[in-house]
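Inspection log for the structure reproduced underneath, given as structure tokens.
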Amino acid sequence: MNQTLLEQFGNARERVEKGLQALRDGQGVLVADDENRENEGDLIFSAESLTEAQMAMLIRECSGIVCLCMPDEKIRSLELPMMVEDNSSRYGTAFTVSIEAAQGVTTGVSAKDRVTTVKTAAADGAKPADLSKPGHVFPLRARPGGVLERRGHTEATVDMMRLAGLKNPCGVLCELTNPDGTMARLPQLADFAKKHGMVLLTVEDLAAYRESQEN
């Protein structure tokens with residue numbers, strides 16, 4: 001990992017704390033995983049403060065596969081089955097079936113409709129009947145141990161919502177891409193973060209932060 005690129009956003013602890021404050025302020029953060037893993041950066045927003053403009057940015061600047069990261073207990077309360085029974089994906093990404101809000105959407109694919117779906121699913125007291133399946137939002141189940149159990153963007157998202165002290169631990173993510181459709185790597189992630197006034201941190205930063213807080 002190129003520390004020179006990362007250090008313009010502070011040291012590891014500062015990057016995490018800036019990211020947590022950004023989430024409290026309703027802003028987005030960029031989180032990169034290890035270069036030997038997916039080697040990708042995800043743009044992350046909290047579900048509770050997500051706006052149509054932020055969703056439009058996710059659709060425009062990223063892969064378009066907007067995911068809603070939720071704790072295991074939330075997935076179970078919504079009775080969302082996993083997408084496949086036998087997950088053979090390389091990194092064990094825990095997709096459930098895709099979802100749509102049962103009310104208040106049209107085709108489900110617009111930024112407005114996807115925000116409606118995210119907020120419907122993430123809401124306190126949301127019920128299985130509030131959602132239709134399949135849809136245009138892709139829920140992801142976070143491991144209970146967060147990034148200390150799995151060094152994934154899903155776990156990083158839920159961990160950050162909790163560490164930020166947000167009422168709702170759910171968050172949305174999408175992988176940042178370049179204009180030509182290739183995946184954005186660390187240099188492009190740093191450029192994007194600077195252009196949009198965001199902080200760039202890593203999953204490893206977050207894991208180290210949690211370990212220092214909890215030990």
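Each residue's number is its place along the chain shown, starting with 1.
Including glycine, each Cβ sits where the backbone N, Cα and C put it.
Here Swiss-Prot flags Arg37, Glu38, Asp42, Arg150, Arg151, Gly152, His153, Thr154, Glu175 as D-ribulose 5-phosphate binding site, drawing on sequence analysis. The DSSP secondary structure for Asp42 (D-ribulose 5-phosphate binding site) is strand.
For the recorded site, His153 (D-ribulose 5-phosphate binding site), the DSSP three-state label reads helix. Here Swiss-Prot flags Glu38, His153 as Mg(2+) 2 binding site, drawing on sequence analysis.
The Mg(2+) 1 binding site annotation in Swiss-Prot covers Glu38.
Sequence annotations record features per position, and here Swiss-Prot assigns site 'Essential for catalytic activity' to His136 (among others). Non-local contacts of His136 (site 'Essential for catalytic activity') by the CB criterion (under 8 A, 6+ apart in sequence, same chain) comprise Val66, Ser98, Glu100, Gly108, Val109, Asp113, Arg114, Thr117.
Under DSSP, Glu175 (D-ribulose 5-phosphate binding site) is assigned to a strand (E or B) in the three-state scheme. Taken from Swiss-Prot, the feature site 'Essential for catalytic activity' applies to Glu175 (among others).
Of all the binding-site residues listed (Asp42, Glu175), Glu175 has the fewest other CB atoms within 10 A of its CB.
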